[in-house]
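K.L.:
Annotations for this protein, taken from TrEMBL, read as follows:
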- 47-106: domain 'Peptidase M12B' (DOMAIN)
- HIS51: Zn(2+) binding site (BINDING)
- CYS57-CYS85: disulfide bond (DISULFID)
- CYS101, ASP104: Ca(2+) 1 binding site (BINDING)
- ASP104: Ca(2+) 2 binding site (BINDING)
- CYS128-CYS150: disulfide bond (DISULFID)
- CYS139-CYS160: disulfide bond (DISULFID)
- CYS145-CYS179: disulfide bond (DISULFID)
- CYS173-CYS184: disulfide bond (DISULFID)
- CYS207-CYS244: disulfide bond (DISULFID)
- CYS211-CYS249: disulfide bond (DISULFID)
- CYS222-CYS234: disulfide bond (DISULFID)
- 1350-1550: domain 'GON' (DOMAIN)
Amino acid sequence: MCQTGCTDQQTKQRTRAWEFFYFIYCIGLHDNHFWPLSLVILYMTRFNVPHDDSFKCKETGIKHQYHVMAPTLNYHTSPWTWSKCSQKYITEFLDTGHGECLLDKPNGRIYDLSSQLPGSVYDVNKQCELMFGPGSQVCPYLKQCRRLWCTSAEGVHKGCRTQHMPLADGTNCGPGMHCHHGLCVNKEMDTRPVDGDWGPWGPYSSCSRTCGGGIKRSTRLCNRPEPRNGGKYCVGRRMKFRSCNTDSCPKGKQDFREKQCSDFDGKHFNIHGLSPNVRWLPKYSGIAMKDRCKLYCRVAGTTNFYQLKDRVADGTPCGTETNDICVQGLCRQAGCDHVLNSKARRDRCGVCGGDNSSCRTMAGAFNSAHYGYNVVVKIPPGATNIDILQHSYSGKPEDDNYLALSDTQGNFLLNGNFVVSMSKKEINVQGAIFEYSGSNNSIERINSTDRLEEELLLQVLCVGNLYNPDVRYSFNIPMEEKSDLFTWDPYGPWQDCTKMCQGLHRRKIICVRKSDHMVVSDQRCDHLPLPLLVTERCNTDCELRWHIIGKSECSSLCGQGYKSLDIHCMKYSIHKGHTVPVDDHYCGDQLKPPTREPCHGDCVLTRWHYSEWSQCSRSCGGGERSRESYCINNFGHRLADRECQELPRVTTENCNEFSCPSWATSEWSECLVTCGKGTRQRQVWCQLNEDHLSDGFCDPSTKPESLRPCELHACASWQVGPWSSCTATCGQGYQMRAVKCVNELLSAVLDDRVCHGASRPSDRQDCIVTPCPIIPKIGATSLPALPMGKIAQWRYGSWTPCSVSCGRGNQARYVSCRDAHDGIADESYCAHLPRPAEIAVCFSPCGEWQTGNWSPCSASCGHGKTTRQVLCISYHQPINENYCDPEVRPVIEQECNLAACPPTYSHFPSSSEQPSHLPGRNFPLTHKPEDNQNQGVHPSIRGNQWRTGPWGSCSSSCAGGIQRRAVVCQDENGQSASYCNAASKPPESKHCDSGPCPRWSYGSWGECTQTCGGGIKSRFVICLFPNGQMSREQNCEILNKPPSVVQCHVHACPDDVSWHRGPWKSCSAPCGKGLKYREVICVDQFHGKLEEKYCSHLQKPRTHKACRSVRCPSWKAKKWNECSVTCGSGVQQRDVYCRLRGVGRVAEEKCDQSTRPYFQRQCWHQDCIQYHWVAGEWLDCSTSCKKRETHRQVKCVGAQNTQVNESFCDPSTRPLAVRKCRNPTCKYIVVTGDSSQCAGNCGFSYRQRISYCIGIRSTEKYKLHELWPIDYQECPVLPSPQVYKCNFRTCLHMATWKVGKWSKCSVTCGVGIMERRVECIADNGWSSDLCLKSLKPDAQKKCYVHDCKTFTSCKEIQVKNNITKDGDYYLNIKGRIIKIYCAGMHLQNPKEYISLVKGEEDNFSEVYGFRLQNPYECPFNGSRRQDCECKNDYLAAGHTVFSKIRIDLNSMQIKTTDLLFAQTVFGNAVPFATAGDCYSAARCPQGQFSINLAGTGMKISSTAKWLAQGTYASVIIHRSQDGTKVYGRCGGFCGKCIPHMTTGLPIQVI
């Protein structure tokens, strides 16, 4: 049983432990074996496990006495379970180290336990023989699984007998049935082994000591699930410990081990020779190392000692020479700071964790002798590491010189009165232990490492021959320090509460340095008196009570008996009214009620038997199901129902109480175009709680819309100028006009490529004025002059954009009749020509046609019809058919031909005779009559001339192509001619550019419709031009279209899994509203813990819920006092204090300082002397015609018009000092000059062409030389192709850029910014705008200081740089240097905050206070109006602004509830990123929050989600593209939104 090298004692111990462990394994885990109960009891008594009725088990509480260790065997013994008492002793046996030797397996044979049940190996008769000997058989009329009744060997006539043991598991008891734990059950019953798993850690117990280093313990049970059917027990720690109350005990307090011994004073335990008044003292020396944590106590006045307890209380020191402490009967490492597992040790100065710098060493020698006692040295208090040696002169023990110790009063502690101790001994001097070697040594020694608390006198006793002694001594004494440098601070950290409920806790008294309040060793303040303890009641919101959890059945089924009461200690919440179980030792100071009560068995064994439950009446939303009941006896015989009428009967119950599926929607997408009209889309799905279901589960009539029109700013479009005059004064010519791509929103001219090239209006057209006079040739007749009506013709502009972005709409254009001089003529002059249409129908499909499968043919033979479904689909959702192009709508019906029917013959047209329409086919466009109005006429010789037709469409719809037209030669009569001048032939083709081609654009994937078992996810895929305009899908390459739907989560859903809910934890807030948390884990059917992904298809129960503790104190502000002055500006004050309702005024520390109302404000009274405002004249507006400001002087004057401070005048009547200039509309000219003429005046030293855009005011009022230049890009006038020389005076006013000095670098280390002032100054010294921006010097530049020492937290800065000042510091967060505000740097754990650069205007949270009187409407299209029919009475309303927000650098989350740097403008404080209202139930949210992290280096993570809470709650979230800004609108009736609890509010480094 033991490995090589074991002692006999180890061998015995291991043998006994293995024997014990193997036995427990067989009984506890493999309880399906046939073990006689008498054998069990025999084994367990060998291991000191008491019987269940032993006095040792009384403190454990017995729920039922009939367990494995029952005192007697009877009918009610249950041999499969251990009592709590047995569990306790077995667990302690293993916990106290007796199981350690089981960790190395023996080398002997390992026996595998059979998987067969013993009853299947040994039939019932064999079991009788094993129990009562050969020949014994089962009793024929007492066949039951509960007890094995057997006959004697002589036969049944001698009667039956039993040993109260059940039949072995696996014994047949009927068809398909066998015995299991004394019951006859179906063989198919699940007996698979279930491995155990740990449950949650319980709460920590109260501290075992009030000072000097106690222990708290927390336990967990192997019950999630419990091991069953031979499954494995949990592996790992069952208990964990932590230190508490670690401050040293006051001087003079009784030693902790001494206290435990003194608790037995007066108890003699019937030991012979001990008096009734016996006193017990701790026994330290002479105890084996392994027994140091047992309580050995000595009888006072004797050397007799006894073991009074198996183990000392947790936290008791293992001995006087060590810092280690006892925990659960084992000695564990601890430091001098009384902390478990600490490695802190005292330095040579006696300072715990010190660095040997607080003391100095005193050493010396003494070697002169006089008879008697000679004083060697005084050892002062505070001395440590005392070492005294006296060397014998002869090297032998007998040298007539002996060391002695005494106090300053002459009382000897060692070797006094000429009596010398020969043997080794220990001396205790006020807790300091001195070890004396005894005088019978050649080197006599006294030494101690402890701190001396009183002054001692070292002496040497010289007798006999008076040989000179050789005494050498050394000790450390503390450095001399000024007594006023340190002081006791009674306001140290709060210690743990003494009780779970209704206890006390106190602040730790700490020694601090006065200069900086830094905590130092307590020894620095030892000379000072201790201040009074600061205590406070704690855990007052609960009480501890004994509570009856349950009762057992009566012990007697017939006659007098008793019931066992299951009594547990319960924690009762005073305010919430609910109870939770806690460990029983918490109620140890209360008298526990009796655990038994009398009862009387009714001797009737009847019960109700039930059929299976019926189907539930409703599939969701709460239904009912029923079952039939029968009264039967314990033999299974049916009785009349009246025999069971007094028993409870349950025949109906509620079922399917979960909510029914409902429609859910995602947020609306952004508008699918970047300009103009478009659509928004959202996903609509059917869900139950948070699980997605098929749409068939929800009511289709209530399905919300998935598409909604939207409109953004107008797209960039073509705009045209007026036609120029015809280039010819007679005959054929052409006209030009400006065509520009203009953004109407910005009124800016853009590059032509931004607008759609295919719709670009023509910038040139042919024109005909009066025909040129034709000199008639000889023999030719002159043509008559054309009348006016033949020359006038229709002119029309470009078509406007379609009135709708998709679907059928209208477009318009301008049509007018023009004469030969391009002037507007009466329309009657154009009546001979058809009038072009002014309005035309336009159509752009919103969706596309999708077809289903053809149905089976309507006929079984011959000719029939087949149909299919045709839907108009947009973004995977069906929409109205009017949004799809009707011209390409697929057919929904067609003929089908099958085999001819035998009796009849019919003729049907073939498929080739039927009209066919292919979806998606593009038909060529035909020219309308008005398209031919601009046919050109080009004159040529002999009256013949070239005539041109209209330009055809571009050969390519995008990216460049060719346009063609017909060019023919005709004579004057319009007949075809054979000859025209080839040199003047107009071109028949030209290049055309319809702008860039559209491309496919797609959005992000949506959420998967299923979490397992195969779902789909979709995204938007649309055809877009580069400028953001949406195009028809046919215009993009269909083969390259990205997929819009893919499969996701194709893995199979797991079977037989569920969510397991743990108990609710205590409320997070000590007062007011808080949150409760519980653990929710995914488990299998055997309660084994799984990863959460296996339950993702099930709705996860909530892990948090709101809770309310005691009422929080709040600020109370009284009325404002009178103003401090009777005139002018003064101050008003008021009393602001912290109040707890029902108590009154309390300490201000209990209220939130960030919400403290103002106690002081400014006030104003009428002037004592009349003061008034005086305003000067307005300065002239700038010569610029742009809108600018003008100023005037405004001052406050007294009676003699003497200027005084502005505070004397009423600020509400102050005149304006700044106003806008009302300048006329700007006029512009473009002047282009040659730099050779302007070089001397304009500052150019090289040749270049300079173009100035000059603004002109009014030529009547201003002179030409006062013209002012503007940026060339802003000039709305195009430069003339002709060039004029710059030749007027100078080139406007001379102006140059002036620069200031560079500022200091913006950072003290790393890369920063330097800035300087840059301004344009004219030659007259005034500020000017004449300088060229292209020549402007830089106003900023980068600068670099030495490398920064990077830190990752405020705590690191505090510790490494010894900084205690709050402020901005630079931290390395995820590889980037970010400026962080560190708060609480003087505390143990400083916190990190982000300073919000954009300030409080862009960072706020609001709960809107108005409520509609009719909450089922949304007036004013959802906008907020003060004149609404509503009340301002929502109690939860509030508005909070934030200047800094706290971040957790470990989780990278914003702590939204930290309001240290927040200000509540009115109402209640609202956490960050939270909004709500009680305004409307019609999806009309008014509550707002805003987040703007721009300039901080951080952004809100894309994984951040907001959770809607309340009734009719709705959430609208808008995020900026870079993630730095988030704006939300939330509300309901009543409702709000908060960051999702599972994700929090995560942030990322940009």
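Heads up, the Cβ atoms here are built off N, Cα and C, so glycines get one too.
Map the listed features onto the structure and describe their local environment.
P.N.:
For CYS150 (disulfide bond), the same-chain residues that are 6 or more apart in sequence and have a Cβ closer than 8 Å to its Cβ are GLN127, CYS128, MET131, PHE132, SER136, GLN137, VAL138, CYS139, CYS160, ARG161, THR162.
Around the Cβ of CYS139 (disulfide bond), the number of neighbouring Cβ atoms within 10 Å comes to 20.
Listed in sequence order, PRO166, LEU167, THR171, CYS173, CYS179, HIS180, GLY182, LEU183, CYS184 are the same-chain residues at least 6 apart in sequence whose CB falls under 8 Å from the CB of CYS145 (disulfide bond).
All protein chains included, CYS184 (disulfide bond) registers 17 other Cβ atoms within 10 Å of its own Cβ.
With a cut-off of 8 Å between CB atoms and residues at least 6 apart in sequence, the same chain places GLY214, ILE215, LYS216, CYS244, ASN245, ASP496, THR498 near CYS207 (disulfide bond), listed in sequence order.
The Cβ neighbour count for CYS249 (disulfide bond), using a 10 Å radius over every protein chain in view, is 16.
Counting Cβ atoms from all protein chains shown, CYS234 (disulfide bond) has 18 others lying within 10 Å of its own Cβ.
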K.L.:
Can you tell which of CYS179, CYS211 has the least company, meaning the fewest other C-beta atoms within 10 angstroms of its C-beta, among these disulfide-bonded residues?
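P.N.:
Fewest other Cβ atoms within 10 Å, among the disulfide-bonded residues CYS179, CYS211, is found for CYS211.
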K.L.:
Just to be sure I understand: of HIS51, CYS211, CYS249, which recorded positions have a C-alpha no more than 10 angstroms from the C-alpha of CYS57 (disulfide bond)?
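P.N.:
Neighbours among recorded positions, in sequence order: HIS51.
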K.L.:
Whole-number Å only: compute the distance from the Cα of HIS51 (Zn(2+) binding site) to the Cα of CYS211 (disulfide bond).
P.N.:
38
K.L.:
Give the distance between the Cα atoms of CYS85 (disulfide bond) and CYS249 (disulfide bond), rounded to the nearest whole Å.
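P.N.:
Roughly 36 Å, rounded to the nearest whole number.
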K.L.:
For the domain 'Peptidase M12B' (47-106), provide the mean pLDDT of the predicted model.
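P.N.:
Across the residues of the domain 'Peptidase M12B' (47-106) the model's pLDDT averages 70 on the 0 to 100 scale.
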K.L.:
In whole Å, how far does the CA atom of CYS234 (disulfide bond) lie from that of CYS249 (disulfide bond)?
P.N.:
39
K.L.:
Looking at the disulfide-bonded residues CYS57, CYS85, CYS128, CYS160, CYS222, which sits with the largest number of other Cβ atoms within 10 Å of its Cβ?
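P.N.:
Of CYS57, CYS85, CYS128, CYS160, CYS222, the one with the most crowded Cβ is CYS128.
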K.L.:
Round to the nearest Å and give the CA-to-CA distance linking CYS211 (disulfide bond) with CYS222 (disulfide bond).
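P.N.:
Answer for this pair: 33 Å between alpha carbons.
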K.L.:
Using all protein chains in view, find how many other C-beta atoms are within 10 Å of the C-beta of CYS244 (disulfide bond).
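P.N.:
Neighbour count, Cβ to Cβ under the 10 Å cut-off: 22.
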K.L.:
Using Cα coordinates, what distance in whole Å links CYS249 (disulfide bond) and CYS222 (disulfide bond)?
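P.N.:
CYS249 (disulfide bond) to CYS222 (disulfide bond), Cα-Cα distance: 38 Å.
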K.L.:
Return the count of C-beta atoms lying within 10 angstroms of the C-beta of CYS173 (disulfide bond), excluding that atom itself.
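P.N.:
I get 19 for this one.
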